[in-house]
Amino acid sequence: MARAVLVPLWLCWALGCAAPPNVVLLLMDDMGWGDLGAFGEPSKETPNLDQMASEGMLFLDFYAANPLCSPSRAALLTGRLPVRNGFYTTNAHARNAYTPQDIVGGIQDSEILLPELLKKAGYTNKIIGKWHLGHRPQFHPLKHGFDEWFGSPNCHFGPYDNRALPNIPVYRDWEMIGRYYEDFKIDLRTGEANLTQIYLQEALDFISKQQASQQPFFLYWAIDATHAPVYASKHFLGTSQRGRYGDAVREIDDSVGKILKHLQKLGISENTFVFFTSDNGAALISAPKQGGSNGPFLCGKQTTFEGGMREPAIAWWPGHIPAGSVSRQLGSVMDLFTTSLSLVGLQPPSDRQIDGIDLLPAILQGKLIDRPIFYYRGNEMMAVRVGLYKAHYWTWSNSWEDYSKGIDFCPGQNVSGVTTHLQEEHSTLPLLFHLGRDPGEKYPLSFASDEYQGVMRRISAVVQQHKDTMVPGVPQLNVCDKAVMNWSPPGCEKLGKCLKPPKSDPKKCFWSH
C-alpha cells in the first residue's frame, strides 16, 4: 500500500493539498546500542522506547558518522562526512577532534544545514540541548536556520572557576540566560540535575505552540544526560539497576514517552516523523558508573570498531511505518538530512557531495539500498563496511601514549577472551570481518582464503572510488585560543556575568587520541 501512495503523497505536499509532516529528531549523547530493552539490555528499563520500537521500526545497522560528538552532529545536520564539512583536524594523523571551549573554528557559512532548507519550505525550527558546532557568535544556531534555541553550545563540563576557565553558558535564542553549575545546577557528587525535565518541557511547549499555529515544525532534541558527568533529576536517581547512568537512561525514556504521547494527544502523531538515535557509541572509558553498553560490539566511543559507531535507532510514524518492523538497511545519521528533506518534498543541494541517502524506501516499502559505510577518525578513513563485511585499514582503539597513561577507550585488552587487535596500519592487507557471523569483530578472515580475496576485490573498488572523489573541506578543528572561550557571551551584561578574556594566543590544538 505504501508503495502506491509514496510518490503521490510527495506531489500532494508540493502542491499544497496536504500538510507536510513535522520532523522530530531525538539525538542522544554517548548512548550505546545495547542501552535499550528493544536492543537486548537485560534490565528492561526503557518501556517507552521499547514501545516506540514496537509501534515503529528498529534499525539494527545504523551508524554515527564519527565516533565523537561534534563531527557526528555536524554530519547529521549537513548530510556530509565530517572530512567534507570541515569537522576534523589535520594536526595529527587520524585524531579525533571536537569543539571544546577554546576551539576557534565551527560550522562554516558555506555549509547548508537541514533547518536552513526546511525554513525555506515554511518550517519553524527549534534546537533543544547541545549544539556543539562552535560557540563563537558566527556559529550560533540561529544563524544557521534554527528559529529557537534552548540549550548550550558546549558539553556540561565543570564547574570552572570563571578565572582560568568560564562555566558553560545556557542560551535562550540569541542570548545566554545563565551558566551551568551557577544558574543551572549539576551536583557532581549525587548526579542530581533537573536539566532533562527542563528540556522535556521546552519540547512539549514548542510542539503545542506549533500545533496551535498550524505551522509545520522541525524539533532537534539533542539532550546530554548520558554524557559524563551523567545526571538525572531527583525523582529518577536511584531507580535503576544500572546505577546513575541507568537513572539518566530511565529519565530519557520517560521523556521520550511523554513527547510521543503529547503528539498523540494533540492529534498530530500521524503527521509527525520521529527518529531516535545517538551521536556515537557508549563511552567505555567512563564505564561502568558513567558509561553505557554497546551490546555485543567491540570497544566504544572514540574508536571505529562497531561499539564506537553502531547506534540504537528507531523510526516512528503512526499510520505510515508498519508497526513492529525491523530494517537491515545500512543507515547513517547523515541519512536523516536527506530523509527529512524527502519527507518535505525537497531535494538535497546539488552543488556539493551529499553522503546521506533517503531512507524512506527502506522505512515505508521495506526496500534495501546498497551503500557502503565509511568509518573515519579525523582525516583518515579507518574502515569501510560493504554488505556484511567490514575491512579495517587502521585499527587504533587509542594511542599507545594514552594507553601508557591509563586512558583506555577499549577496556578489556588484558581480559581473557576480549579481542582489540593490534593498533597498526593494515592498508596493504586490511583486517576483514564478517559482521553477521562475527559481530564482535573477534575473528579476522584468513588473508589466504578465497572469501577474503573475493570480498577485498569488491571493497577495494569501493574505497578507490571514494578516495578518488573525496575533496576534503577546510579543517575547522586545528586552532585553539583561550581568548575565544565563553567569557562574555551575548546577554552576559544583562546578568552581570561578563568575564574578562585573556590576551589572544592562538595555537595548534593538541588532540591526544
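Cβ coordinates come from backbone N, Cα and C, glycine included.
TrEMBL labels come from automatic prediction, so no person has curated them.
Since this is a predicted model, take the numbers as computed values, not measurements.
Of the residues proposed, Cys69, Cys410, the one TrEMBL records at the same Ca(2+) site as Asp29, Asp30, Asp279, Asn280 is Cys69. In sequence order, Met28, Met31, Ala64, Leu68, Ser72, Arg73, Asp224, His227, Ser278, Ala283, Lys301 are the residues of the same chain, not among Asp29, Asp30, Cys69, Asp279, Asn280, whose CB sits within 8 A of the CB centroid for the Ca(2+) site.
Candidate recorded positions: Asn194, Asn280. Fewest other C-beta atoms within 10 angstroms, Asn194. In sequence order, Cys69, Thr226, His227, Ala228, Ser278, Asp279, Asn280, Gly281, Ala282, Ala283, Ser286, Gly291, Gly292, Lys301 are the residues near Asp30 (Ca(2+) binding site), counting only same-chain partners six or more apart with C-beta under 8 A. Cys69 (active site, nucleophile): 25 other CB atoms within 10 A of its CB, across all protein chains. Cα of Asp29 (Ca(2+) binding site) to Cα of Asn194 (N-linked glycosylation site): a distance of 17 Å. Look at the Cβ of each of the binding-site residues Asp29, Asp279 and count the other Cβ atoms within 10 Å; the largest number goes with Asp279.
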